[in-house]
Amino acid sequence: MNENPAALLPELFPAGAAVAGLLAGAWLPRRRQWAVAVLAAAACAAGLAATAVTMATGREQTVFAGTFAVDAATGAGRLTVLGGLLLVLAMSAETFRGRAREAEYYVLLLLTATGTLVMTGANDLLTLFSGYLLASVPGYALAGFARDRAGGEAALKYYLMGALLGTVMLAGAVLLYGAGGTTWYPGLREALPGAPPGLVAAGLVGVLAGLMFKSAGVPAHFWLPDAAEGARPPVAAYLTTLPKIGGLIGGFRLLHQALGGSGVDWPLLLAVLAAATMTLGNLAAFFQDSAARLLAWSAIGQAGYLLMALAVADLGEPARRALLFYLAAYTVTNLGAFAVVCELPRARTLADYRGLARRRPGLAAVLLVCLLGLVGTPPTAVFLGKLEVFTAALDGGFGWLAVLAAANTVASLFYYLRWLAPVFRSPPPPPPAPGGGRPEPLATALGRWAAAAAYLAAALSLLLGIAAGPVLPLTTGPLLG
Amino acid sequence: MLTVLVFLPLLVAGVLLLAPRAVPDRACVPVWLAAALAELVLVVIIWAGFDPGGGIQYAQRARWIPGAGVGYHVGVDGLSLPLAALTCVLFLAAAVHSLRRGTAATATATGGGPPRARAWAALFLFLQTVSLGLFTALDLILFFVFFDLSIVGMYFVIAGWGHGERARAAALKFFLYTFTGSLALLLGFIGLYLAAEPHTFDLTDLAREDPLAGRGAHAALVLLAIGLGLAIKTPTVPFHTWLPPAHTDAPAAGSAILAGILLKMGTYGFVRIAMPLLPGVWRQYALVFVVLGALSAVYGALVALGQTDVKRMIAYTSVNHMGYVLLALGAAGILTGTDDRARALAVTGATVQMVSHGLITGALFLLSGVLWDRAGGYRIADFSGLAGPAPRFAAVTAVGALAAIGLPGFSGFIAEFQIFTGSLGSQPVATAVALTGILITAALFLRALHRMLLGPTRLPGSVRTGGFTDLTPAETAATVPLLGLSLVIGIVPRFLLDVIEPAARALTGLVAR
């Protein structure tokens, strides 16, 4: 039996850093707690390096009685999660610098990222569920970290939905265990074709409920807009991106590895969920005036496109490549847009961004790249992701879904442009009486780290699209079971 | 060579944007002008070295995203080279036009040229890269990248420099409408990609392989998606409703590029993608395109006749002129009742029409900018007797209008003559119907000339003191060469036809296989 802990280094680094950070945070004076952020960044970098070594040397394997797979999908997921976490850390630097419980904030981020990593590699229902818990519970605390009213509401909504759907997920896992006699995916794959289809379907729906909560898919999406608006911007950036990675890769693995020949028509179920998610997310985003809320609804819409890849999971290679690449592209692009939101804490509504191109041309360029990127304008990375997803959907016989996704893309252009249009208008006239009224929303900028994260994310989003040639092969390779 | 031609403007745009603030905005337009001149020289060199019978030349092919079947593949043939050359000419004209001094309506703090000259020049350089890239692309995804970016670039031109609040609404409508078309196009491309074995987006491979031959419903759906995307861009009736507001509210140089270059992306897409890659279904449904073409020609002309706004009128005549192109391309897909030569003639005429319309309409839109600069409006009824205060403007506009009518001696005549001769054999009824479009266009242009240029001088109250000044040197230098080129093509067309004809024959051969 393979119990090689070195295969889990990318998970162990952030987990270890979380423990060390918690201890260190208890001893460090408040003005030196930034050291924990450095520790967290170092853990991410070490995890990325370990992943790179694993991928470069071809050490794909399953470990711990086959309950955790270290394959191309896990590798791509690790790169995306840890890379995304690095960006979130940079965005958080100024927002939380010198605040109470600064160290704990980074510890919670590390723990939830570890949970997400566990979900991406889980090859067993119980591993998947423990990853779900590890990713969710610190997330609840993060949502309410500011300890104000909006944060409290965000945390409560997030927690109630998460607890409810977590229970449903566990119940679903129990049903699948009952049907197949095991929680191990390869075992389920052999046993489920002989099990009662109704039982399998009920179990699958239960497990999917938890995964949809993680990926903010309909009908488990309600928490995201409130949580994103109530939480601090860096936390909102985290909530709209990283949990999706765990939920969707975990879901893909479950569907492809455990339910391949089960006789349950899950492709249609996933296609309907994808259609509902993208349509609802895009329509609800139409007239949002808060930037964070708009991005949250857009994140739900994007989850719909991503779910298309799950609906055609049976295709194997094309669907997996589409999912993994789109996830990476979406993560950097969405984080870039959120980094601008973090950098300008006083600009809350879309109208506040008027004149940004004149005031801060760099940030306006980031918004241009990231928002048009989210639409799917070439040559950004999300365009290529969309191309791959649409191709997979058409290849898998879901032509109607691809057409619907194209229509949704056009619709999404409308609300992204509602944000971009004021950015490139001339700045508003200065307020009549100095000192009276609201302070100038664009005047306050946080500082270098958030801005650097924005520039880096936008550059990555462009680079992943233009130089996708060498990147795309990283996402290819069979799932191990 | 082609890569340099395509990406040089983008490079210059990047330099302009990243240049330190100490470089004044005034310096940007001359830099742009120099870049546009260099581009024109490059394209002339390419033209000189081009062998008309040699198929696709100057090809460059590199692996880009092999995992997704996408490659970087550019090249020119007799269909794309004239359009690439047109792009360089028209962008040079736009650069020259931007040298004019700020006037009443474009009152600027920069002292001359358009407001925010840096962004303006960078945006047009970006659009030039995009246009040249599209006309030279030989990979569907590369084509799509440029197709989509042309929409983004033009959106910012209209929204940023258009005429007030209405322009932002028009820009949004333009973006949403044409973006719908581009996604339809993308779905069609994916359909082609999936049909090819091995999967590829490469145009030349797909044209050779003809992957959708004999696959009825699948091929028809792909043609529907691609046809819809291109028809919106062209635009043909009934997908043209984005065009009039976009043109009316865009700045003059933006309108000229939109009409002169961006509309050609639609018709060029038909000859580059729809016809050679889907020959079977193109033949099957050619009649649809013939009918759409004839309908656009007549409808565009009739609606143009009813316009009270000069720019809207010119915009609708674009619908009319593009209708002829579609008519010819549809006729080239119908084999009964014609021979190879007639069909090749129709395709040649369609390509000449693209070039000719780009030159003439580009000039007319730049001239209409004169009205906005002097008087801040385009209403035909507001102006009368402009020939008095502005004789040069009147003369150039009259020549432009006559060229647009298709008077012999101008390029439009060559184009329309070939289109009608080539289409008449197989489609006498549609051709006869479309022919009435010429009469209506002639009537509306002559009426507008008569009302605005002749008679007693009457100007709207918005004209600033000093009266309606005549064309400035920059305005003259931007428009007269365009019309001059149209005249050259009209009198000695062989240099152009020699390039187009072999490619047109090759295309009709591909369609007929």
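Glycine is no exception: its Cβ is also placed from the backbone N, Cα and C atoms.
In TrEMBL, annotation is done automatically, which means it is predicted and not curated.
Quick caveat, the model's predicted, so the values are computed rather than measured.
Going by TrEMBL, these are the annotated features:
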| type | residues | note |
| --- | --- | --- |
| TRANSMEM | B:6-24 | transmembrane segment |
| TRANSMEM | B:31-50 | transmembrane segment |
| TRANSMEM | B:70-96 | transmembrane segment |
| TRANSMEM | B:117-135 | transmembrane segment |
| DOMAIN | B:137-441 | domain 'NADH:quinone oxidoreductase/Mrp antiporter transmembrane' |
| TRANSMEM | B:141-162 | transmembrane segment |
| TRANSMEM | B:174-196 | transmembrane segment |
| TRANSMEM | B:216-232 | transmembrane segment |
| TRANSMEM | B:252-273 | transmembrane segment |
| TRANSMEM | B:285-306 | transmembrane segment |
| TRANSMEM | B:313-334 | transmembrane segment |
| TRANSMEM | B:354-372 | transmembrane segment |
| TRANSMEM | B:427-449 | transmembrane segment |
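With a cut-off of 8 Å between Cβ atoms, the residues of this chain six or more beyond the transmembrane segment (B:427-449) that come close are 290-291, 293-294, 297-298, 300-302, 304-305, 310, 313, 317, 320, 323-324, 327, 330-331, 334, 380, 397-398, 401-402, 404-406, 416, 420. Highest Cβ pair count under 8 Å relative to the transmembrane segment (B:252-273), across stretches B:6-24, B:174-196, B:216-232, B:354-372: B:354-372. Sequence-distant contacts of the transmembrane segment (B:117-135) (same chain, six or more residues past either end, CB-CB distance under 8 Å): 5-10, 12-14, 16-17, 19, 25-26, 28-29, 31-32, 35-36, 39, 74, 76, 80, 83-84, 87-88, 91, 94-95, 98, 110, 142-143, 145-147, 149-150, 153-154, 156-157, 160-161, 253, 257, 261-262, 265, 268. Remote same-chain residues near the transmembrane segment (B:216-232) are listed as 177-178, 180-189, 191-192, 195, 239, 242, 266-267, 269-270, 273-274, 278, 280-282, 284-285, 289, 292 (criterion: CB distance under 8 Å, separation of at least six residues from the stretch ends). Between the transmembrane segment (B:70-96) and the transmembrane segment (B:354-372), three or more CB pairs separated by 6 or more residues in sequence fall under 8 Å, so the two stretches touch. If you look at the transmembrane segment (B:6-24), the same-chain residues 6 or more away from its ends with a CB under 8 A from one of its CBs are 31-32, 35-36, 38-39, 42, 74, 91, 118-119, 121-123, 125-126, 128-129, 132-133, 136. Contact count against the transmembrane segment (B:285-306) (Cβ pairs under 8 Å) is highest for B:313-334, out of B:31-50, B:313-334, B:354-372. Within its own chain, the transmembrane segment (B:31-50) is flanked in space by residues 1-2, 4-5, 8-9, 12, 15-16, 57-58, 76, 81, 84-85, 88-89, 91-92, 94-96, 98-99, 121, 124-125, 128, 132, 499, which lie at least six positions past its ends and keep a Cβ under 8 Å from the stretch.
Sequence-distant contacts of the transmembrane segment (B:313-334) (same chain, at least 6 residues past either end, Cβ-Cβ under 8 Å): 234-237, 240, 243-244, 246-248, 255, 259, 263, 266-267, 270-271, 275, 282-283, 286-301, 303-304, 307, 343-344, 346-347, 349-350, 353-354, 357, 361, 364-365, 368, 380, 404, 412, 415-416, 418-419, 422-423, 426-427, 430-431, 434, 437, 440-441, 444-445, 448, 507-508, 511.
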